[in-house]
Amino acid sequence: MGDACKFALHAVDGRWFSVFASFLIMAGAGATYLFGTYSKDIKATLGYDQTTLNLLGFFKDLGANVGVLSGLLAEVTPTWFVLVVGSAMNFVGYFMIWMSVTQRIAKPAVWQMCLYICIGANSQNFANTGALVTCVKNFPESRGVMLGMLKGFVGLSGAIFTQFYLAIYGTDSKSLILLIGWLPAALSVIFAYTVRERKPERQPNELKVFYQFLIVSIILALFLMAVNIVEKVVDFSKAAYAGSATVVCVMLFIPLIIAIKEDWIQWNLKHQEAMKPATEATAEKKLDITPEVKSEISKEQEEKVQKSCFLTICNKPPRGEDYTILQALLSIDMLILFAATFCGLGASLTAVDNLGQIGESLGYPTKTIKSFVSLVSIWNFFGRVFAGFVSESLLVRYKMPRPLMMTFVLLLACVGYLLIAFPFSGSVYVASVITGFSFGAQLPLLFAIISELFGLKYYSTLFNCGQLASPLGSYILNVKVTGLLYDNEAVKELAKKGLDRSAVKELVCIGVQCFRLPFIVLSAVTFFGALISLILVMRTRKFYSSDIYKKFREIHGVK
C-alpha cells in the first residue's frame, strides 16, 4: 500500500500526467469557437444588427488573442496561479453573458456585452499560457507534435461542448453559454497544481507515446463527426445524447491510462537507477554536459545579465537563440509573421464567426447550421494535429521550413472562402471542412515558428504577442468589411419591400449575395498573406536546413 501511494504521488507529479491534465484543460479552452452557435440568441434577444454582432465577435477575438497579460503574469508567478486567474475570468465573463441573454438582468449596453465577452474569451490565453507553454518546455524536442496535440484538443472543444450541452440542457442553445462558463473554469481549478515545469528529459519512446495520444484523439474526432452526421438524419432523444456524451467522457480519459503506463515505466527505471552506485562520473555522463559546455553557458549567462535589454535591441542573436522580448518584437521575422497572421487568422476568425449567419442566409435549417459549427470544430482539430505532426516530421526528415507549410495552409483557406462566395448545393459543408482545417493548422505553426526562431526563455510572452495581429485583422475584416457589406445587402432587401431599418428588430439578409463580396475580399487578403509568408520561407531556409535542436540538447543534456 505504501508503494502504491508513492507511485500515485509520483504519477500525479510526473510529466505525462501533466500532459493528460493539459489535454483536458485545452479541451475546455475553445469556447470562443462556439460563438456561431449562440450568436443568433444574442442577436435576437438583444435586437442587434449584423454590424453590432460582428463588433461583439471582434471583442471576442480581441480577448482570445491578446494574451500579453497572461504571458507577463506567467513570467513572475507559478503556473497554478495563471490557471486560477483564467478560471475566474472565464466564469465571470460568460456567466454575465448568460444572465443578459436569459434576461435575468437588465439589458446591458453594447459596450458592456463587449466587455463581458472580451473577459470570458481572454481566459483562453491563461489556459494556453499555463498548459501549452509548460508542456512545450517539458518536451522541447517534440514541440511541434505537442503544439499540434494541445491545440487539436482546443479545436475539438466546440464539438465536445455541443455533445455535453445537448445531453445536459437539451436543445436550449442559451444554456450552452452557461456550460462554457462553469465547465472550463472547473477543469482549470481541478488540475491547476499538476501542470508545472519539470526537468526536460528525452525518452527513447517519447514520439511513440505521442502517437498513442494521437490515435485516441483521432478516434474521438471521428466519433464526434459520426454523431454529427447521424444527428442530421435521426432525432436524438435525451438518453441518446447522454449516451454519446458518456462515450466522449470515456475517450477523454483514455490518455490518462497511457500517462499512468509511462509513469509506471519511469518509476521502475528510477528504482533500478537507485540500486546502482552513484558516482560523479556517471552523473556527468548522464547529463552529457562537458566542462567546456558548462563554462560557455556560464559565460553567456553573465554577459546577458550585464547587458540591458534596451541596449541589445539592435544586437540580435542568431535565429534559434533566446531573444529578449524587445529583440523579438522588433525583428523583421516577427513583423513578417505579424502580417501573415493579420491576413490568415483575421480572415479565418471572420469566417468562423459568421458561419451561423452564412447558413441562415443560404436557407439552411438551424439543426444543419449547428452541424456546420461542429464540422469546423472537428476539422479544426485535424488541421492542428496535422500541422503539428506533419510539419515536425517534414522538418526532421527533409529540413522543410515550417513557414512553407503556413503558405500551403493559407492557399487552402482561399478555396474555402471562394466556396462560400460562390455557393452551390452542399458547398457550405465542404467550406466548413476546409475553413476548419486551415484555421486549425495556422496556430500550431505560428507558435512553433516563434519558439524556434526566438527561443524558449520568454516564450510565455512572445507566443501571446505573436497572435496580436489576429484580432486586428478580425476587426477590419469582420466588422468593417463583412458586417457592413452584409448589412448593406439586408437594407437593400428591406428597401425592395418598401421598409427601412426601423421597421424590423433584427436585420437579416437572405440570399447568395449576402456574403459574396465579403468572402471574395477574404480570399484575396488570405492569398496576399500566403505571398508574405513565402518571404519568411526564403529568410529562414538556411536556419531550418541545420539541426535546430542541437544547441538545446547540449545545454540541457537531453539525449
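Glycine too: its Cβ is placed from the backbone N, Cα and C atoms.
Sequence annotations record features per position, and here TrEMBL assigns domain 'Nodulin-like' to 15-260.
The transmembrane segment feature in TrEMBL is assigned to 16-35 (among others).
If you look up TrEMBL, you'll see 80-101 (among others) marked as transmembrane segment.
TrEMBL lists 152-170 (among others) with the feature transmembrane segment.
Residues 12-13, 17-18, 21-22, 24-25, 27-29, 31, 34, 37-38, 41, 79-80, 83-84, 86-88, 90-91, 93-95, 97-98, 101, 120, 123, 126-127, 130-131, 134-135, 161-162, 164-165, 168-169 of the same chain, all 6+ positions outside the transmembrane segment (176-195), place their C-beta atoms under 8 angstroms from a C-beta of that stretch. Residues or ranges marked as transmembrane segment by TrEMBL: 176-195 (among others).
If you look up TrEMBL, you'll see 207-227 (among others) marked as transmembrane segment. Listed as Cβ neighbours of the transmembrane segment (207-227) (distance under 8 Å, sequence separation of 6 or more from its ends, same chain) are residues 16, 19, 23, 142, 145-146, 149, 152-153, 156, 159-160, 163, 244, 247-248, 251-252, 254-255, 258, 262, 374-375, 377-378, 381-382, 385, 389.
Summarising the annotation, TrEMBL assigns transmembrane segment to 239-260 (among others). Listed as Cβ neighbours of the transmembrane segment (239-260) (distance under 8 Å, sequence separation of 6 or more from its ends, same chain) are residues 11, 14, 16-17, 19-20, 23-24, 27, 160, 163-164, 166-168, 170, 209, 212-213, 216, 219-220, 223-224, 227.
Residues or ranges marked as transmembrane segment in TrEMBL: 328-352 (among others).
Sequence annotations record features per position, and here TrEMBL assigns domain 'NFD4 C-terminal' to 329-545.
The transmembrane segment annotation in TrEMBL covers 372-391 (among others).
As annotated by TrEMBL, transmembrane segment applies to 403-422 (among others).
Remote same-chain residues near the transmembrane segment (428-451) are listed as 132, 136, 143-144, 147-148, 151-152, 155, 328, 334, 337, 341, 344-345, 348-349, 351-352, 355, 358-359, 362, 364, 372, 375-384, 386-388, 391-392, 402-403, 405-406, 409-410, 412-413, 415-417, 419-420, 459, 462-463, 466-467, 536 (criterion: CB distance under 8 Å, separation of at least six residues from the stretch ends). Residues or ranges marked as transmembrane segment by TrEMBL: 428-451 (among others).
For the transmembrane segment (517-537), the list of distant contacts is 333, 336-337, 339-344, 346-347, 350-351, 401, 403-404, 406-407, 410-411, 413-414, 417-418, 420-421, 449, 477, 481-482, 485-486: same-chain residues at least six beyond its ends, Cβ to Cβ under 8 Å. Sequence annotations record features per position, and here TrEMBL assigns transmembrane segment to 517-537 (among others).
Of the candidate ranges 16-35, 80-101, 372-391, 403-422, 372-391 contributes the most Cβ pairs within a distance under 8 Å of the transmembrane segment (152-170). Panel annotation: around the transmembrane segment (328-352), residues 33, 35-36, 57, 61, 65, 313, 316, 319, 376, 406, 409-410, 413, 416-417, 420, 435-436, 438-439, 442-443, 446, 449-450, 453-454, 458, 462, 465-474, 476-478, 481-482, 518-519, 522-523, 525-526, 528-530, 532-533, 535-536, 539-540 of the same chain, lying at least six beyond its termini, place a Cβ under 8 Å from a Cβ of the stretch. Against the transmembrane segment (16-35), stretch 372-391 shows more Cβ pairs under 8 Å than any other of 80-101, 372-391, 403-422. For the transmembrane segment (403-422), the residues of the chain that approach it from at least six positions outside its boundaries are 340, 343-344, 347-348, 351, 358, 383, 387, 390-391, 394, 428, 430-431, 433-435, 437-439, 441-442, 445-446, 449, 515-520, 522-523, 526-527, 529-530, 533-534, 536-537, 540, judged by C-beta separation under 8 angstroms. On the 0 to 100 pLDDT scale, the model's mean across the domain 'NFD4 C-terminal' (329-545) is 89.
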